[in-house]
């Protein structure tokens, strides 16, 4: 997917309208608790400002449901960004309207303003053409650097591209496409995919698309129990999708037909209930008892998965191995993160597909040891499913 990027346009003296993903978590005092998404956008922001561009940033924050709600104002983000780039960031009162237009036209080279939350207007998520046209009028060129919303056809990601002469990808989207695209198109082999999470239903399309690309698939998380039940094993009170048993068998069959090594856990960590105080023990998947639930992969499985990871040249991970939020059931997820960090050090390309896996890697303190951590959970999942992302498809080739 070759798209024009920030490097292909002349920035000096131009009003550059850039869609970023500043949807950051805030606490009750409205302080930003994790500024990763702002930091991820800095390379594009700095490039535009250093080259004398006049930058207009736009983003959504939270789910204000199309109404103005001060709780979801981007003002704290403007303050944080200003601190990070050591430059004043003007905060607009709205994202469209005469006053906003006047402020945009008044920007000088190297100055930056942030528009107020796009989702204060229902037209944003409805991809309303009039709203998109009004946004487009603010800039002379459009840059999309919001990978996290690239799978949504919204006014600021897809609609806007119909009203601007130039629409290119920012550096973050370029980086996402480079790593995720290379993994799917020209991976160094062996290529191992690790899939976790609670439900097969959320990962069917990913599995079916990855079966065309990978050599080995390692499966963890509660979705293993749907496979086990389909295979006739006791699953106790573990989470099972009873309406997906046939599907589980067909996925196993597909893997076999394609000569893909698909590994399921040999043992799990079982407990009578999901709680931090519950007694737990490792048990073979063939010996799980009726009143028990499996909540993590066990030590034998960790070792087997570790060997596969360390023997790989490309590793893609999406979804935790267990309930890593509770220490008793976090070993599997952290062991996978550690094995991936080791594999990276040995020269493998390691890619984390956003969401819970990214949170787990951060919690393990290993984020800097991975080749690439995707910033978009839903967007990276759809990309891995082989779907076209509207926000990226709409950019200039």
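Any Cβ shown, glycine's included, is placed from N, Cα and C.
Together with 21, 22, 23, 37, 60, 61, 62, 63, 152, Swiss-Prot lists one candidate of 46, 119, 189, 258 for binding substrate, that being 119. All protein chains included, residue 325 (ATP binding site) registers 14 other Cβ atoms within 10 Å of its own Cβ. In terms of local Cβ density within 10 Å, 294 ranks first among the binding-site residues 62, 294, 355. Here the CA atom of residue 23 (substrate binding site) lies 16 Å from the CA atom of residue 356 (ATP binding site). In this structure, the CA atom of residue 23 (substrate binding site) is 18 Å away from the CA atom of residue 357 (ATP binding site). Among the binding-site residues listed (203, 294, 325, 355, 357), 355 has its Cα nearest to the Cα of residue 21 (substrate binding site).
If you take the C-beta of residue 203 (ATP binding site) and look for same-chain residues 6 or more apart in sequence within under 8 angstroms, you find 195, 197, 223, 318, 319. Minimal Cβ crowding within 10 Å, among the binding-site residues 21, 356, is found at 356.
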